[in-house]
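Scroll down for the structure; my scribbles are underneath it.
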Amino acid sequence: MSFIDPYQHIIVEHQYSHKFTVVVLRATKVTKGAFGDMLDTPDPYVELFIATTPDSRKRTRHFNNDINPVWNEAFEFILDPNQGNVLEITLMDANYVMDETLGTATFPVSSMKVGEKKEVPFIFNQVTEMILEMSLEVCSSPDLRFSMALCDQEKAFRQQRKENIKENMRKLLGPKKSEGLYSTRDVPVVAILGSGGGFRAMVGFSGVMKALYESGILDCATYIAGLSGSTWYMSTLYSHPDFPEKGPQEINEELMKNVSHNPLLLLTPQKVKRYVESLWKKKSSGQPVTFTDIFGMLIGETLIHNRMHTTLSSLKEKVSSAQCPLPLFTCLHVKPDVSELMFADWVEFSPYEIGMAKYGTFMAPDLFGSKFFMGTVVKKYEENPLHFLMGVWGSAFSILFNRVLGVSGSHNKGSTMEEELENITAKHIVSNDSSDSDDESQEPKGTEGEDAEREYQNDHQASWVHRMLMALVSDSALFNTREGRAGKVHNFMLGLNLNTSYPLSPLRDFTQESFDDDELDAAVADPDEFERIYEPLDVKSKKIHVVDSGLTFNLPYPLILRPQRGVDLIISFDFSARPSDTSPPFKELLLAEKWAKMNKLPFPKIDPYVFDREGLKECYVFKPKNPDVEKDCPIIIHFVLANINFRKYKSPGVPRETKEEKEIADFDIFDDPESPFSTFNFQYPNQAFKRLHDLMYFNTLNNIDVIKDAMVESIEYRRQNPSRCSVSLSNVEARRFFNKEFLSKPTA
């Protein structure tokens, strides 16, 4: 049965661009002048340039010793019709050292009408005639998807997954507790969340996933969302060729072997050379390269070394029959001069799409990193490998990479790594790239000596390999500066008009008065937190910086709280660092709650004083106080990293008896002076791995009944509230006009 999607009828307005096609047909009587022709026959080629478009410079191949060349080469430019677009045509002569300009002409694109196609002659030096064929059309099918709705692939997945979950949930809960599951409408949407926290989060999440898999809970989940360290485990799991036929148990054993080695062992000359060759290829193609690329390669070599060519879009096969929960990953877009706690756009990644819900703009995964203009790809690159994205998703660790490898000097001797990470802001890690270079040469160069050019590049590459190797194995500036460490990609929203975009979703009334709640004034971590989250992205910047989402708050709730996903039950696992094992565990959850309220998204009230009343527990349940009023508010089961019952029981209900059994479970997580579970520990001996893995495996299994009870409650709520995507046109208009008014305000 198909359902009406109200978000599909909300128009995310955008301006259409023009596609200007130029076919360089031929030229006759190409000349270098009377004297020049006596010395040499021209080797002509044509260069086309439009300054107002990103992929601005294009050129034909050159012909040796040909005064009547026939090229028949077509080139496309994506143009903003509101700009004064002028085509500059340059006839060039290819030489070994420096190419020579034979003549230049211009053509105003505004003289063309949409739908028109014509041949235009150009005369150079009163003798040479060149014929170009030009056409102009509207780009009616952009490469970005502009919509508030989920993509069709995710909708189809959800429908098929509901069918699977209905049977799985009946099996899990038994006939009595699942008697309310009459149809897929009654199936609650369950999401599993994993926090950041480096390898601690990854190892802990591996134990969680094993428990969820073996207990049948995973078969009842629609989504699994990760941030930073948790995304590394999700990437390892979903990229494994034997998953889901082979469960997490076997895959976790492979993971334990992979993380038992020192990451410095990956920095062999042969591997560094291979890394650098790959980065050189990426850089020479016109894509930005940062330290995050290197970090992603190291993470990839550690965790998925035998599948380094895996891409995000290739993970679609893991959900092709809705056999697994849909994996969702995240990073932040940040601005160079603003703290990420004040401003950050959440970017979501799935095997189907990558995009920002705040602006209603999404793209296929293989287009992320390509060069866009006004929603259309102007230069497509190969899809980034999964390990590059793993580096972006966990890029906080590339910032303090010297601490990760233990090669730092005397800097910050009095601070812990956690304290350093706590103090990092976007201003520390993002270079203000004022030049915003397109990496395109604006000067002609020699083209006949292609062998010489290749030799030059090889020499240059070899020297770069040497420098990079020296930098990687020595205490160099590469390690001692944080600036420029953030991931960088081409801005896929370049040239768009954001004046009519929607900040996140038109779920409820979104007027200025709705922001004056006293509860939003209370700071959780910083007085300025989320102060500028309504600001738009800079659509004039050619590149954007993408960083670890944990730098704003360490739980990926924004992915799951999108009302289009209609999540009923959220099971979150928080592996965030705390000052001690007995410290309150709600900081990240409180930040998520505040973010949700500022975006008018339903979220249960988080009472931090439950810690004072009930003490430290393995998990806490937060429900809407009044479900009839707090419509669409999910239930949250929040697991924290705590060693409580695991000390006494080797499995739920089975006490530890021998001295060895008790000793293996007698450990602290944050109070251990040797810090085996530090956020910056990237080597886990087998015992440390097993302790953390088994702890979270136990904690999850020990609370399976809590999860089942919440599922039963969610089924009943679904039956009483079958529609979870109610949107009125008045709400849509209120949000639109609020955004226009906000964006028109002058900044202080």
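Cβ coordinates come from backbone N, Cα and C, glycine included.
If you look up Swiss-Prot, you'll see S2 (among others) marked as phosphoserine, on the strength of similarity to another entry.
As annotated by Swiss-Prot, Ca(2+) 1 binding site applies to D40, T41, D43, N65. Reduced to three states, the DSSP call for D43 (Ca(2+) 1 binding site) is coil.
Feature annotation from Swiss-Prot assigns active site, nucleophile to S228; the stated evidence is similarity to another entry. In the three-state DSSP scheme, S228 (active site, nucleophile) is classed as coil.
Annotation note: T268 (phosphothreonine) sits in a coil segment as assigned by DSSP. Using a 10 Å radius centred on the Cβ of T268 (phosphothreonine) and all shown protein chains, the other Cβ atoms total 12. What Swiss-Prot lists as phosphothreonine is T268, and the listing cites similarity to another entry.
The annotation phosphoserine is assigned in Swiss-Prot to S434 (among others).
Residues or ranges marked as phosphoserine in Swiss-Prot: S435 (among others).
The phosphoserine annotation in Swiss-Prot covers S437 (among others) and is backed by similarity to another entry.
The feature phosphoserine is assigned by Swiss-Prot to S505 (among others).
The annotation phosphoserine is assigned in Swiss-Prot to S514 (among others) on the grounds of similarity to another entry.
Annotation for K540 (SUMO2 cross-link): same-chain Cβ neighbours under 8 Å, separated by at least 6 residues, are L494, G495. Annotated SUMO2 cross-link per Swiss-Prot: K540 (among others), in sequence order.
Under the heading SUMO2 cross-link, Swiss-Prot lists K605 (among others), citing similarity to another entry as support. Secondary structure at K605 (SUMO2 cross-link), taken from DSSP and collapsed to helix, strand or coil, is coil.
Positions annotated as phosphoserine by Swiss-Prot, on the basis of similarity to another entry: S726 (among others).
According to Swiss-Prot, the phosphoserine annotation covers S728 (among others).
The Ca(2+) 1 site is defined by D40, T41, D43, N65, and by the 8 Å test on Cβ atoms against their centroid, the other residues of the chain that qualify are P42, N64, D66, D93. Here the Cβ of N65 (Ca(2+) 1 binding site) has 9 other Cβ atoms within 10 Å, regardless of which shown protein chain they belong to.
Looking at S228 (active site, nucleophile) and K605 (SUMO2 cross-link), their Cα atoms lie 26 Å from each other. In this structure, D40 is the one among the binding-site residues D40, D43 with the smallest number of other Cβ atoms inside 10 Å of its Cβ.
Counting other Cβ atoms within 10 Å of each Cβ, the recorded positions T41, S228 show the lowest value at T41.
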